[in-house]
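Here is what TrEMBL says about this protein:
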type	residues	note
DOMAIN	35-168	domain 'Glycolipid transfer protein'
TRANSMEM	30-53	transmembrane segment
């Protein structure tokens, strides 16, 4: 690989490290636009999983787009949540707070997926993806969606193919997953 090739995993790690720094510096609020930018960097991971998790990709993209649109008028994540609380829309389908929750779950799933990729032997993503789905999404989905997700696991690319699509390999990828260094 040439040095000039894009490294989505590195970009994501840097973006979320920046978010972590902001969150850990107490008085400063997390900017919604900054969060949206970091979240948009995850898209290649969903695309790399192919048709298997297309439903998750589509949901993730729409939620991030909605949050990006909201970031044009709302400065911080906290003010967005406060607005939804004030308008009693936190639990309303399509609210910014609910979209944020859905995006957070998708990020959690990707985190678990990469932890599992590093922890499992072999070239299959099925077990890693199944574990990630079960830990993060299964409790929130009905029977039909759980069955569709299970069936989709059969269509996943191989682990090496997935990492190649991201211009990474397991050895380099381990540097970007918390707790794997």
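Positions of Cβ are set from backbone N, Cα and C atoms, glycine also.
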Beyond the flanks of the transmembrane segment (30-53) by 6 or more, those residues with Cβ under 8 Å of it: 8, 11-12, 15-16, 18-19, 22-23, 60-61, 64, 67-68, 70-71, 74-80, 103, 106-107, 110, 113, 125, 129, 149, 152-157, 162, 165-166
Averaged pLDDT score, the domain 'Glycolipid transfer protein' (35-168): 91
